[in-house]
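Scroll down for the structure; my scribbles are underneath it.
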Amino acid sequence: MRSAVDPIGYALARRTLTTAAQQTSAAQEVAARADWGIPLLARLVTTVESTPAADIDPTIGVTARRAVLTWVAQRRGGVAAARLYGDGLASLVVGLGHACAVEPRLRTVAQLSRDRLVAWCRQEPHPDGPLAVDYDLVNGVAGAVLALTASPDPRPEHLRPGLHYLLRLCTGPGLAGLRHSAREPDSRLRWNVGQLNHGLAHGVPGILAALVAAHPVVCGAERDEVTEVVARLAGHLCRSAIRDGRGVLTWRRGSDETAATTDPRRQAWCYGAPGVAWQLAEAARVLDDPTVSEVARFSMASLCAAWDDDYYLRAESADAQLSLCHGAPGSYAVARAFADHDGLAGAGTLAEHLRDRIVERLPGWYDSTRAGATMLAGTAGTLAVLLADGPTSRGWLAPLALR
């Protein structure tokens with residue numbers, strides 16, 4: 001089914017692909033660090049239909065194909081890390097999945113990359129505890145499992161190594177296997193040490209998202225084990241929810257942050273109510289658990305009622321306000337999911353409001369940002385949520401743990 005086009009998003013996506021298709025060697029090092037944004041935009045712009053507000057470029061298919069082939073060529077030297085967001089193997093798998101829709105001759109390369117990612121997932125948890133880069137959605141095994149479930153024709157054997165790793169982490173009392181290791185080398189992440197991270201990007205909700213995505217693919221005893229751990233993680237998150245000073249049912253960044261800590265201000269895809277609440281809503285469907293569903297719906301409804309652009313967005317940098325990870329586009333995508341799939345009162349209204357704000361500021365931000373055509377921090381993710389704006393055209397959201 002072809003998706004209706006947002007004229008501003010379409011025009012800027014076309015500019016992005018034209019630039020990518022004509023990329024010089026000087027730009028290749030930067031481009032090679034990007035994720036699957038270019039092939040996603042290439043796929044989306046070739047499956048949109050014209051509206052009275054926008055005319056579709058009849059040559060866009062050629063431009064999209066050139067952009068995709070350039071993106072693939074920039075990765076001929078291989079990718080070092082497995083991460084889903086950045087120049088990782090999971091990112092390559094997702095990107096090639098989109099690229100094959102534009103250039104089917106890439107299917108063999110896509111299958112080989114998938115097999116390499118499956119092999120990378122064959123590892124055991126570190127005895128001293130995990131780092132975010134080991135297991136999380138952005139960099140680690142949870143992201144790899146999401147990438148594999150989003151690839152064409154996912155099979156249990158593709159997911160088994162990654163699931164084994166994640167399920168092992170979730171054993172033990174109090175989810176002790178998920179408490180971050182003191183080995184953390186990144187000073188920005190050392191606040192995690194000894195804690196359970198409660199953000200979708202780097203914590204428990206990201207593992208929950210991977211297990212929920214894998215649930216319909218596996219069967220028998222494997223599915224039973226996945227269901228059991230989904231229930232454990234969902235229960236932990238439900239018990240960890242707090243009411244902040246604005247009445248929002250939300251989550252602090254870490255399990256050991258106390259009431260003396262400032263109320264969580266960031267409400268976005270990566271941390272806070274939007275990303276976590278949607279994972280609980282999806283878990284509730286797997287578990288057929290009305291209590292988990294009620295927590296998810298109450299959390300998002302409370303955020304919809306309390307939403308204020310000045311409070312939730314102005315604290316972020318100008319770039320972050322329009323990024324999918326920290327800003328309005330991610331919250332918009334979650335609100336659309338709650339409106340379309342849960343019928344949540346207020347979610348549709350918030351989604352329309354956020355979309356208007358994104359469209360209003362998008363051209364200026366696009367021209368000024370240096371974030372590049374990446375999914376979480378850059379222009380690709382923001383453009384994609386505008387290009388694919390209907391319930392049947394948002395399958396690409398699966399690696400973001402959305403739909």
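Cβ coordinates are placed from backbone N, Cα and C, and glycine is handled just like the others.
Pulled from TrEMBL:
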- Cys270, Cys325, His326: Zn(2+) binding site (BINDING)
Sorted by sequence, non-Cys270, Cys325, His326 residues with Cβ within 8 Å of centre, Zn(2+): Ala201, Arg266, Ala268, Trp269, Tyr271, Ala320, Ser323, Leu324, Gly327, Gly330, Leu376, Ala377
Within the chain of Cys325 (Zn(2+) binding site), which residues six or more apart in sequence place their C-beta under 8 angstroms from its C-beta? Ala201, Ala268, Trp269, Cys270, Leu376, Ala377, Gly381
Specify the secondary structure state of His326 (Zn(2+) binding site) as given by DSSP, simplified to three classes. coil
Other C-beta atoms that fall within 10 angstroms of the C-beta of His326 (Zn(2+) binding site): 25
Within 10 A of the CB of Cys270 (Zn(2+) binding site), the number of other CB atoms across every chain shown is 25
